[in-house]
């Protein structure tokens, strides 16, 4: 008699995805982030659901409802800070997951990669709308500035912005619809994650060598379930340290001031995980040019498979490409720092140089250095 997990229509899917799934024997801890992202998503949906039970999406009461939650609801502050810092952990895992894909050439699985890019955009949109909900100063002005960027689109821009706002400024209608979308999108993300996994399981996982591992596979359970639990414990430890010791470290103090359309904060900036894109946006003096660069800074990932000129898939044995990769990482950290600084010299010029370097590394230098490496290996 076959095991129920192998014969039951529903359990069979779970079994083939998480238990008997053949996985390469050599995948390192860089492959842990997929499961960590799944846990982050589940945590965000769970904490978000309980937060939504206490939140009111009305400009008059939104700020007070969040304050009430933190002061008067049992462990409400834990829920709130788990959700806020959980988003930070989500993005740390996301960026490491994408970085792993770039380093080891996982983008050659184009379907999985493209769904991943759509997921990244969706998660970013969800996080942006979530930041607006507490209706503090940075929430209001962040929403105003970022939605206003759409007005740079020729001809339809102004109408589009007013349509998104539901009026002539960010107001009650905007807050209500942002709450509706912020609640809905994580469930759409969950469905897209399943599609992401579906495409991944069509090809199987990549591995650090970049060489097909069909001849050397091991079952996902117990080997990688145990390995994933270790990663999970480390992530939960970091998250709890953030939540319990310095819950506001990654937030903005301006968001503890209720939204006031009549007073602009001295430095409007998004959450830390958007600062690199914000720096690229600000580095171009033209509004439309800035918006295009902002979108391209993420969308450029979609052409990675086309820019792959190396005869090897992974960067594991390509020291020159490795140097460029870590230069790209350093450049992104520089952009993140610049995004949080005021618009004045020397920050303006540093931001512009870092933005040029970002696009140059990906579009020009990486494909060129790969060709050089091919030549050095006489391929």
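Just so it is clear, glycine is given a Cβ too, placed from its N, Cα and C backbone atoms.
As annotated by Swiss-Prot, heme b b562 binding site applies to 83, 182, with the evidence given as similarity to another entry. What Swiss-Prot lists as heme b b566 binding site is 97, 196. The feature ubiquinone binding site is assigned by Swiss-Prot to 201. The transmembrane segment annotation in Swiss-Prot covers 33-53, 77-98, 113-133, 178-198, 226-246, 288-308, 320-340, 347-367 and rests on similarity to another entry.
All features noted in Swiss-Prot, drawn onto the structure.
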residue: 83; record: heme b b562 binding site; DSSP (3 states): helix
residue: 97; record: heme b b566 binding site; DSSP (3 states): helix
residue: 182; record: heme b b562 binding site; DSSP (3 states): helix
residue: 196; record: heme b b566 binding site; DSSP (3 states): helix
residue: 201; record: ubiquinone binding site; DSSP (3 states): helix
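Take the Cα of the residue listed as 'ubiquinone binding site' and measure to each of the binding-site residues 83, 97, 182: the nearest one is 97. Residues 17, 37-38, 41, 44-45, 48, 52, 55, 57, 112, 115-116, 118-119, 122-123, 125-126, 129-130, 132-133, 143 of the same chain sit 6 or more residues outside the transmembrane segment (178-198) yet have a Cβ under 8 Å from a Cβ within it. Most Cβ pairs within less than 8 Å of the transmembrane segment (320-340), among stretches 77-98, 226-246, 288-308, 347-367, belong to 347-367. For the transmembrane segment (33-53), the most Cβ-contacting stretch among 77-98, 226-246, 288-308, 347-367 is 77-98 (pairs under 8 Å). Listed stretches 113-133, 226-246, 288-308, 347-367 were compared with the transmembrane segment (77-98); the greatest number of C-beta pairs under 8 angstroms is found for 226-246. In this chain, the transmembrane segment (226-246) does not touch the transmembrane segment (288-308); fewer than three CB pairs sit within less than 8 A of each other, excluding pairs fewer than 6 residues apart. Listed in sequence order, 112, 115, 116, 119 are the same-chain residues six or more apart from residue 196 (heme b b566 binding site) with CB atoms under 8 A from its CB. The CA atom of residue 182 (heme b b562 binding site) is located 23 Å away from the CA atom of residue 97 (heme b b566 binding site). The two recorded residues, residue 97 (heme b b566 binding site) and residue 83 (heme b b562 binding site), have Cα atoms 20 Å apart. If you take the C-beta of residue 83 (heme b b562 binding site) and look for same-chain residues 6 or more apart in sequence within under 8 angstroms, you find 44, 47, 48, 51. Neighbour density around each Cβ, counted as other Cβ atoms within 10 Å, peaks among the binding-site residues 97, 182, 201 at 182.
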